[in-house]
Amino acid sequence: MSDALINGLAGAGGGIIAQLITYPLQTVNTRQQTERDLKKEKRKLGTIEQMCQVVKQEGWERLYGGLTPSIGLYYYFYQIFRNKAEIKALERQKKGIGDGSVGMLSSLIVAALSGCVNVLLTNPIWVVVTRMQTHTNILKKDHSNRLATPALEETVLSAIEPFSFSTGHAIQEVYDEAGFWGFWRGVFPTLIMVSNPAMQFMLYETMLKKLKKERSLSNPDNNGVTALEIFLLGALAKLGATVVTYPLNVVKARLQAKQVATGDRRHQYKGTIDAILKMIRYEGFYGFYKGMSTKIVQSVLAAAVLFMIKEELVKGARLLLVKDGIHTVKSKLP
(Lines of atoms letter the chains of each structure in order from A and count residues from 1; the text may use other names and numbers.)
(Lines give C-alpha, C1' and ligand atoms only; values in the text may rest on other atoms or scores of the structure.)
Protein backbone atom coordinates (compact mmCIF):
# COMPACT_ATOMS: atom_id res chain seq x y z
CA MET A 1 0.00 0.00 0.00
CA SER A 2 1.47 3.36 -1.05
CA ASP A 3 2.15 6.16 1.43
CA ALA A 4 -0.19 8.45 -0.53
CA LEU A 5 -3.04 5.94 -0.24
CA ILE A 6 -2.44 5.47 3.49
CA ASN A 7 -2.51 9.23 4.09
CA GLY A 8 -5.51 9.65 1.80
CA LEU A 9 -7.54 7.03 3.64
CA ALA A 10 -6.40 8.34 7.04
CA GLY A 11 -7.31 11.88 5.96
CA ALA A 12 -10.73 10.68 4.82
CA GLY A 13 -11.30 8.92 8.15
CA GLY A 14 -10.17 11.94 10.14
CA GLY A 15 -12.22 14.24 7.91
CA ILE A 16 -15.42 12.23 8.34
CA ILE A 17 -15.12 12.19 12.14
CA ALA A 18 -14.21 15.91 12.27
CA GLN A 19 -17.15 16.74 9.98
CA LEU A 20 -19.62 14.74 12.08
CA ILE A 21 -18.50 16.59 15.19
CA THR A 22 -18.41 20.13 13.76
CA TYR A 23 -20.92 20.07 10.87
CA PRO A 24 -23.76 21.77 12.80
CA LEU A 25 -21.41 24.72 13.39
CA GLN A 26 -20.58 24.77 9.68
CA THR A 27 -24.28 24.86 8.75
CA VAL A 28 -24.97 27.76 11.13
CA ASN A 29 -21.86 29.57 9.88
CA THR A 30 -22.97 29.29 6.24
CA ARG A 31 -26.35 30.78 7.18
CA GLN A 32 -24.58 33.62 9.00
CA GLN A 33 -22.40 34.32 5.98
CA THR A 34 -25.35 34.45 3.56
CA GLU A 35 -27.62 36.52 5.84
CA ARG A 36 -28.48 39.73 3.98
CA ASP A 37 -30.44 41.90 6.39
CA LEU A 38 -29.09 45.16 5.00
CA LYS A 39 -31.18 47.33 7.34
CA LYS A 40 -29.93 45.34 10.34
CA GLU A 41 -33.44 45.26 11.80
CA LYS A 42 -33.20 41.69 13.09
CA ARG A 43 -31.57 40.95 16.41
CA LYS A 44 -28.40 38.99 15.82
CA LEU A 45 -28.66 35.53 17.36
CA GLY A 46 -25.67 33.81 18.87
CA THR A 47 -24.37 30.55 17.44
CA ILE A 48 -26.00 28.37 20.12
CA GLU A 49 -29.28 30.31 19.77
CA GLN A 50 -29.27 29.77 16.01
CA MET A 51 -28.62 26.07 16.40
CA CYS A 52 -31.51 25.77 18.86
CA GLN A 53 -33.74 27.78 16.50
CA VAL A 54 -32.95 25.47 13.58
CA VAL A 55 -33.69 22.37 15.67
CA LYS A 56 -36.96 23.88 16.98
CA GLN A 57 -38.31 25.19 13.66
CA GLU A 58 -36.86 22.76 11.13
CA GLY A 59 -35.69 19.69 13.00
CA TRP A 60 -32.22 18.55 14.07
CA GLU A 61 -31.58 16.90 10.70
CA ARG A 62 -31.28 20.35 9.08
CA LEU A 63 -28.07 20.90 11.05
CA TYR A 64 -26.61 18.07 8.94
CA GLY A 65 -28.12 19.15 5.63
CA GLY A 66 -25.66 18.43 2.80
CA LEU A 67 -23.19 16.43 4.86
CA THR A 68 -20.74 15.22 2.20
CA PRO A 69 -17.14 14.94 3.45
CA SER A 70 -14.57 15.12 0.63
CA ILE A 71 -11.43 16.03 2.50
CA GLY A 72 -9.84 12.64 1.87
CA LEU A 73 -9.38 13.56 -1.78
CA TYR A 74 -7.32 16.58 -0.74
CA TYR A 75 -5.10 14.44 1.46
CA TYR A 76 -4.52 11.94 -1.36
CA PHE A 77 -3.24 14.59 -3.78
CA TYR A 78 -1.37 16.38 -0.98
CA GLN A 79 0.62 13.25 -0.17
CA ILE A 80 1.39 12.55 -3.85
CA PHE A 81 2.80 16.06 -4.38
CA ARG A 82 4.62 15.98 -1.03
CA ASN A 83 6.30 12.65 -1.84
CA LYS A 84 7.63 14.18 -5.06
CA ALA A 85 8.86 17.24 -3.16
CA GLU A 86 10.65 15.01 -0.62
CA ILE A 87 12.36 13.05 -3.43
CA LYS A 88 13.61 16.30 -5.01
CA ALA A 89 14.80 17.54 -1.60
CA LEU A 90 16.84 14.35 -1.13
CA GLU A 91 18.29 14.70 -4.63
CA ARG A 92 19.37 18.28 -3.81
CA GLN A 93 20.97 17.04 -0.57
CA LYS A 94 23.08 14.54 -2.53
CA LYS A 95 24.32 17.49 -4.60
CA GLY A 96 25.23 19.34 -1.40
CA ILE A 97 22.19 21.64 -1.43
CA GLY A 98 19.93 21.77 1.64
CA ASP A 99 19.43 19.29 4.46
CA GLY A 100 17.13 16.89 2.59
CA SER A 101 13.91 18.15 4.17
CA VAL A 102 10.98 19.90 2.47
CA GLY A 103 11.20 23.64 3.11
CA MET A 104 8.44 26.14 3.89
CA LEU A 105 8.09 27.33 0.28
CA SER A 106 7.92 23.77 -1.05
CA SER A 107 5.26 22.90 1.55
CA LEU A 108 3.26 25.95 0.47
CA ILE A 109 3.45 24.96 -3.22
CA VAL A 110 2.49 21.34 -2.45
CA ALA A 111 -0.54 22.39 -0.42
CA ALA A 112 -1.60 24.94 -3.07
CA LEU A 113 -1.42 22.41 -5.92
CA SER A 114 -3.38 19.87 -3.88
CA GLY A 115 -5.99 22.50 -3.09
CA CYS A 116 -6.42 23.53 -6.73
CA VAL A 117 -6.96 19.94 -7.87
CA ASN A 118 -9.42 19.35 -5.02
CA VAL A 119 -11.39 22.54 -5.80
CA LEU A 120 -11.73 21.79 -9.51
CA LEU A 121 -13.01 18.28 -8.79
CA THR A 122 -15.33 19.03 -5.84
CA ASN A 123 -16.76 22.54 -6.43
CA PRO A 124 -20.12 21.16 -7.73
CA ILE A 125 -20.45 19.15 -4.52
CA TRP A 126 -19.96 22.20 -2.34
CA VAL A 127 -22.40 24.29 -4.36
CA VAL A 128 -25.04 21.64 -3.58
CA VAL A 129 -23.92 21.46 0.06
CA THR A 130 -24.24 25.24 0.44
CA ARG A 131 -27.76 25.17 -1.01
CA MET A 132 -28.77 22.44 1.44
CA GLN A 133 -27.20 24.25 4.40
CA THR A 134 -28.94 27.54 3.65
CA HIS A 135 -32.33 26.06 2.73
CA THR A 136 -35.07 26.66 5.28
CA ASN A 137 -37.99 24.25 5.68
CA ILE A 138 -40.88 26.70 6.14
CA LEU A 139 -43.47 23.95 5.88
CA LYS A 140 -42.83 22.86 9.45
CA LYS A 141 -44.83 25.86 10.64
CA ASP A 142 -48.35 25.36 11.85
CA HIS A 143 -50.92 25.84 9.10
CA SER A 144 -53.37 27.71 11.34
CA ASN A 145 -50.69 30.23 12.28
CA ARG A 146 -49.71 30.64 8.65
CA LEU A 147 -53.08 32.13 7.78
CA ALA A 148 -52.59 34.84 10.35
CA THR A 149 -49.07 35.68 9.16
CA PRO A 150 -48.94 39.11 7.50
CA ALA A 151 -46.05 38.14 5.22
CA LEU A 152 -47.89 36.86 2.13
CA GLU A 153 -44.60 36.01 0.42
CA GLU A 154 -43.68 33.53 3.15
CA THR A 155 -47.08 31.85 2.82
CA VAL A 156 -46.62 31.43 -0.93
CA LEU A 157 -43.10 30.05 -0.49
CA SER A 158 -44.26 27.61 2.17
CA ALA A 159 -46.89 26.29 -0.23
CA ILE A 160 -44.49 25.65 -3.09
CA GLU A 161 -41.26 24.59 -1.37
CA PRO A 162 -40.70 20.84 -0.89
CA PHE A 163 -41.10 19.53 2.62
CA SER A 164 -37.84 17.59 2.48
CA PHE A 165 -35.10 19.39 0.58
CA SER A 166 -32.90 16.54 -0.59
CA THR A 167 -29.70 16.43 -2.65
CA GLY A 168 -31.81 15.90 -5.79
CA HIS A 169 -33.83 19.05 -5.06
CA ALA A 170 -30.63 21.06 -4.58
CA ILE A 171 -29.13 19.80 -7.84
CA GLN A 172 -32.33 20.59 -9.73
CA GLU A 173 -32.51 24.07 -8.20
CA VAL A 174 -28.94 24.90 -9.22
CA TYR A 175 -29.47 23.60 -12.77
CA ASP A 176 -32.78 25.44 -13.21
CA GLU A 177 -31.21 28.66 -11.99
CA ALA A 178 -27.98 28.74 -13.98
CA GLY A 179 -27.64 25.54 -15.99
CA PHE A 180 -24.47 23.44 -15.99
CA TRP A 181 -22.19 26.36 -15.09
CA GLY A 182 -24.24 27.01 -11.96
CA PHE A 183 -22.35 24.15 -10.33
CA TRP A 184 -19.16 26.16 -10.72
CA ARG A 185 -20.37 29.29 -8.94
CA GLY A 186 -17.77 30.61 -6.54
CA VAL A 187 -14.94 28.61 -8.09
CA PHE A 188 -12.76 31.72 -8.52
CA PRO A 189 -12.72 32.80 -4.84
CA THR A 190 -12.48 29.12 -3.88
CA LEU A 191 -9.35 28.71 -6.02
CA ILE A 192 -7.87 31.76 -4.30
CA MET A 193 -8.89 30.21 -0.99
CA VAL A 194 -6.53 27.28 -1.54
CA SER A 195 -4.17 29.59 0.30
CA ASN A 196 -6.12 28.62 3.44
CA PRO A 197 -5.17 24.92 3.54
CA ALA A 198 -1.85 25.87 1.95
CA MET A 199 -1.08 28.21 4.86
CA GLN A 200 -2.58 25.71 7.29
CA PHE A 201 -0.35 22.85 6.14
CA MET A 202 2.70 25.10 5.80
CA LEU A 203 2.27 26.29 9.40
CA TYR A 204 1.51 22.78 10.63
CA GLU A 205 4.47 21.12 8.91
CA THR A 206 6.82 23.93 10.01
CA MET A 207 5.73 23.79 13.66
CA LEU A 208 5.79 19.97 13.64
CA LYS A 209 9.29 19.90 12.15
CA LYS A 210 10.54 22.43 14.71
CA LEU A 211 8.97 20.52 17.61
CA LYS A 212 10.51 17.21 16.50
CA LYS A 213 13.92 18.86 16.03
CA GLU A 214 13.88 20.43 19.49
CA ARG A 215 12.73 17.15 21.03
CA SER A 216 15.47 15.15 19.28
CA LEU A 217 18.09 17.59 20.59
CA SER A 218 16.88 17.23 24.17
CA ASN A 219 16.22 13.48 23.88
CA PRO A 220 17.81 11.75 20.84
CA ASP A 221 15.98 8.51 21.57
CA ASN A 222 12.53 10.12 21.35
CA ASN A 223 11.57 12.68 18.72
CA GLY A 224 7.90 11.65 18.47
CA VAL A 225 4.88 13.82 19.28
CA THR A 226 1.74 13.00 21.22
CA ALA A 227 -1.86 13.12 19.97
CA LEU A 228 -2.52 16.18 22.18
CA GLU A 229 0.43 18.03 20.65
CA ILE A 230 -0.82 17.19 17.14
CA PHE A 231 -4.25 18.47 18.19
CA LEU A 232 -2.81 21.80 19.39
CA LEU A 233 -0.55 22.24 16.35
CA GLY A 234 -3.47 21.60 14.01
CA ALA A 235 -5.62 24.10 15.91
CA LEU A 236 -2.97 26.85 15.79
CA ALA A 237 -2.30 26.28 12.08
CA LYS A 238 -5.99 26.46 11.18
CA LEU A 239 -6.57 29.56 13.31
CA GLY A 240 -3.89 31.52 11.48
CA ALA A 241 -5.11 30.45 8.03
CA THR A 242 -8.79 31.12 8.78
CA VAL A 243 -8.30 34.69 10.01
CA VAL A 244 -6.48 35.64 6.78
CA THR A 245 -8.83 34.03 4.22
CA TYR A 246 -12.27 34.39 5.85
CA PRO A 247 -13.57 37.27 3.62
CA LEU A 248 -13.16 35.06 0.52
CA ASN A 249 -15.11 32.33 2.29
CA VAL A 250 -18.04 34.71 2.76
CA VAL A 251 -17.97 35.78 -0.91
CA LYS A 252 -17.90 32.12 -1.99
CA ALA A 253 -20.92 31.30 0.20
CA ARG A 254 -22.88 34.27 -1.20
CA LEU A 255 -22.23 33.14 -4.78
CA GLN A 256 -23.10 29.49 -4.12
CA ALA A 257 -26.28 30.21 -2.14
CA LYS A 258 -29.62 30.58 -3.93
CA GLN A 259 -29.76 33.73 -6.06
CA VAL A 260 -33.09 35.54 -5.77
CA ALA A 261 -34.24 36.23 -9.33
CA THR A 262 -36.70 38.93 -8.34
CA GLY A 263 -36.72 41.62 -5.68
CA ASP A 264 -33.82 43.64 -4.29
CA ARG A 265 -30.95 43.77 -6.79
CA ARG A 266 -28.54 44.28 -3.91
CA HIS A 267 -29.00 40.57 -3.16
CA GLN A 268 -28.16 39.46 -6.71
CA TYR A 269 -24.55 38.71 -7.57
CA LYS A 270 -23.35 38.29 -11.14
CA GLY A 271 -19.87 37.19 -10.18
CA THR A 272 -17.03 37.51 -7.69
CA ILE A 273 -16.19 41.17 -8.36
CA ASP A 274 -19.87 42.16 -8.38
CA ALA A 275 -20.40 40.41 -5.02
CA ILE A 276 -17.37 42.11 -3.45
CA LEU A 277 -18.39 45.58 -4.68
CA LYS A 278 -22.02 45.22 -3.56
CA MET A 279 -21.00 43.91 -0.15
CA ILE A 280 -18.62 46.86 0.35
CA ARG A 281 -21.25 49.34 -0.83
CA TYR A 282 -24.30 48.06 1.05
CA GLU A 283 -22.86 46.23 4.06
CA GLY A 284 -19.39 47.66 4.59
CA PHE A 285 -16.35 45.62 5.49
CA TYR A 286 -18.28 44.11 8.38
CA GLY A 287 -20.16 42.01 5.83
CA PHE A 288 -16.97 40.12 4.99
CA TYR A 289 -16.61 38.93 8.58
CA LYS A 290 -20.15 37.76 9.36
CA GLY A 291 -20.09 34.62 11.48
CA MET A 292 -16.30 34.66 11.82
CA SER A 293 -16.35 33.61 15.48
CA THR A 294 -18.43 30.54 14.60
CA LYS A 295 -16.09 29.72 11.71
CA ILE A 296 -13.01 29.97 13.90
CA VAL A 297 -14.47 27.58 16.48
CA GLN A 298 -15.65 25.13 13.78
CA SER A 299 -12.48 25.26 11.66
CA VAL A 300 -10.00 25.09 14.51
CA LEU A 301 -11.85 22.22 16.21
CA ALA A 302 -12.30 20.31 12.93
CA ALA A 303 -8.65 20.76 11.89
CA ALA A 304 -7.35 19.77 15.33
CA VAL A 305 -9.51 16.61 15.44
CA LEU A 306 -8.64 15.78 11.81
CA PHE A 307 -4.88 16.07 12.28
CA MET A 308 -4.93 14.10 15.53
CA ILE A 309 -7.02 11.24 14.12
CA LYS A 310 -5.14 11.20 10.78
CA GLU A 311 -1.75 10.88 12.48
CA GLU A 312 -3.01 8.09 14.74
CA LEU A 313 -4.56 6.22 11.79
CA VAL A 314 -1.36 6.55 9.73
CA LYS A 315 0.71 5.23 12.65
CA GLY A 316 -1.70 2.33 13.12
CA ALA A 317 -1.76 1.45 9.41
CA ARG A 318 2.04 1.48 9.13
CA LEU A 319 2.35 -0.65 12.26
CA LEU A 320 -0.09 -3.19 10.83
CA LEU A 321 1.82 -3.28 7.53
CA VAL A 322 5.11 -3.85 9.36
CA LYS A 323 3.58 -6.67 11.45
CA ASP A 324 2.05 -8.20 8.34
CA GLY A 325 5.41 -8.03 6.58
CA ILE A 326 7.17 -9.73 9.50
CA HIS A 327 4.48 -12.42 9.62
CA THR A 328 4.85 -13.05 5.86
CA VAL A 329 8.64 -13.38 6.14
CA LYS A 330 8.34 -15.81 9.08
CA SER A 331 5.82 -17.94 7.21
CA LYS A 332 8.21 -18.30 4.27
CA LEU A 333 11.10 -19.44 6.48
CA PRO A 334 11.73 -23.25 6.41
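For all residues, glycine too, the Cβ spot is worked out from N, Cα and C.
Annotation comment: TrEMBL describes 2-90 (among others) as repeat 'Solcar'.
Taken from TrEMBL, the feature repeat 'Solcar' covers 102-210 (among others). Across the residues of the repeat 'Solcar' (102-210), the predicted structure has a mean pLDDT of 72.
Taking DSSP states H, G and I as helix and E and B as strand, the repeat 'Solcar' (225-316) has 75 helix, 0 strand, 17 coil. Look at TrEMBL and you will find 225-316 (among others) tagged as repeat 'Solcar'.
According to TrEMBL, the transmembrane segment annotation covers 102-121 (among others).
For 183-204 (among others), the entry in TrEMBL reads transmembrane segment. Under 8 Å from some Cβ of the transmembrane segment (183-204) lie the Cβ atoms of residues 74, 78, 104, 107-108, 110-112, 114-116, 118-120, 123-124, 126-128, 174-175, 233-234, 236-238, 240-242, 244-245, 248-249, 251-253, 255-256, 271-272, 303, 307, all in the same chain and six or more residues away from its ends.
Long-range neighbours of the transmembrane segment (225-248) within the same chain, counting only residues 6 or more positions beyond its ends whose Cβ lies under 8 Å from a Cβ of the stretch, are 189-190, 192-193, 195-201, 203-204, 207-208, 211-212, 215, 288-289, 292, 295-296, 299-308, 311-312. The transmembrane segment feature in TrEMBL is assigned to 225-248 (among others).
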